[in-house]
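Reading through the structure tokens given below for one structure.
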């Protein structure tokens, strides 16, 4: 153990006392200022940034970027184009997803069609396809006009049995 409050310069002056049980060993040797710091130089050279740049012979001409910069730019633009295509594909599939139709209807040509109409026109000849689409368009027009003609405050029978005024030809 080391005895506290002992002076390291008096190391050899006193013999270690046996009765204390401590040894007087200096923990830190004294430091001299001359050893801590190198002498300051008389001339200091400060290197600036312009010393490291090569002389530019073509100051007025356009400097062509490196090929590596073009490669990175092309890769980034291709990645963005790919991601844009993926987003458009997902949005397209979301809008054209096969919708479910009520019971008794079949989904054809982006519409829910009654299964009986589909079975009737699919069993006929191929030229009946045009008639099939005509029936479907009339069906949807009739459905729209019926929904507009009948208000919630009128009964359906009153609207159907009302006499219509005769149409006059002319202006």
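Cβ coordinates are placed from backbone N, Cα and C, and glycine is handled just like the others.
As the structure is a computational prediction, the values presented were derived from the model and not from experiment.
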Checklist entry - Under Swiss-Prot, which of the candidate ranges 51-71, 72-92, 93-113, 114-134 is annotated transmembrane segment? => result 72-92
Next on the checklist: Checking feature assignment: region 'Disordered' per Swiss-Prot, candidates 1-21, 22-42. Which range matches?
Outcome noted: 1-21
Checklist entry - Over the topological domain 'Lumenal' (93-171), what does the predicted model average in pLDDT? => result 66
